[in-house]
Amino acid sequence: MYETYHSGWIECITGSMFSGKSEELIRRLRRGIYAKQKVVVFKPAIDDRYHKEKVVSHNGNAIEAINISKASEIMTHDLTNVDVIGIDEVQFFDDEIVSIVEKLSADGHRVIVAGLDMDFRGEPFEPMPKLMAVSEQVTKLQAVCAVCGSSSSRTQRLINGKPAKIDDPIILVGANESYEPRCRAHHIVAPSDNNKEEL
């Protein structure tokens, strides 16, 4: 799993919220630092739940990060002597992130991306499916269902304690007050108000 490579490659860490994606990203990046590799970390500006200039896991572990508004900003940084590039919450970037990550790996960097594979509706969360496809290694983590305690692969969005509607906005940054992990059986997406039958 942790072989020495002579060229760049892409690692993808994915799963539902609270599955430990950021924790695993931080762990891998710290291993790189311990191995005396130069590590640079990026995160989207939209994710300011815990800290603007750090990737922070839900249990409080953190690593310094560069806050960027769009994927193309990665290429404005001097990455010449960088060995490992980490990118957290990658689902908040547009499809341009895929070609950027491929370019970085082609240039010899080990690129580690972390993000949600499904949105709150249980549908693929772009651009993660494309990143998973071009990655040499994909790690899919699971959380624990907040309802029954079984393995959880879905993210339940709650608005005022009730399941979000299918036509609610895809991106709504939150933490445990807005989301919880759920298994397939307990994941609920409420119908649109527009779908209610007229009486």
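Each residue, glycine too, has its Cβ placed from N, Cα and C.
Among the features that Swiss-Prot reports, ATP binding site is placed at Gly15, Ser16, Met17, Phe18, Ser19, Gly20, Lys21, Ser22, Asp88, Glu89, Val90, Gln91. Its Cβ taken as reference, Asp88 (ATP binding site) is surrounded by 26 other Cβ atoms within 10 Å in the chains shown.
With a cut-off of 8 Å between CB atoms and residues at least 6 apart in sequence, the same chain places Ser22, Lys43, Pro44, Ile46, Asp47, Ala114, Gly115 near Glu89 (active site, proton acceptor), listed in sequence order. Look at Swiss-Prot and you will find Glu89 tagged as active site, proton acceptor.
According to Swiss-Prot, the feature Zn(2+) binding site maps to Cys145, Cys148, Cys183, His186. For Cys183 (Zn(2+) binding site), the same-chain residues that are 6 or more apart in sequence and have a Cβ closer than 8 Å to its Cβ are Cys145, Val147, Cys148, Ser150, Ser151, Ser152, Ser153, Arg154.
Ranking the binding-site residues Met17, Val90, Cys145, Cys148 by how many other Cβ atoms lie within 10 angstroms of each Cβ puts Cys148 at the bottom. When Cβ neighbours within 10 Å are tallied across all protein chains shown, the highest count among the binding-site residues Lys21, His186 belongs to Lys21. Sequence-distant contacts (6 or more apart, same chain, Cβ under 8 Å) of Ser19 (ATP binding site) comprise Leu141, Gln142, Ala143, Ser152, Pro181. Spanning the listed ATP site, residues Gly15, Ser16, Met17, Phe18, Ser19, Gly20, Lys21, Ser22, Asp88, Glu89, Val90, Gln91 have a farthest Cα to Cα distance of 15 Å. Looking at His186 (Zn(2+) binding site) and Met17 (ATP binding site), their Cα atoms lie 15 Å from each other.
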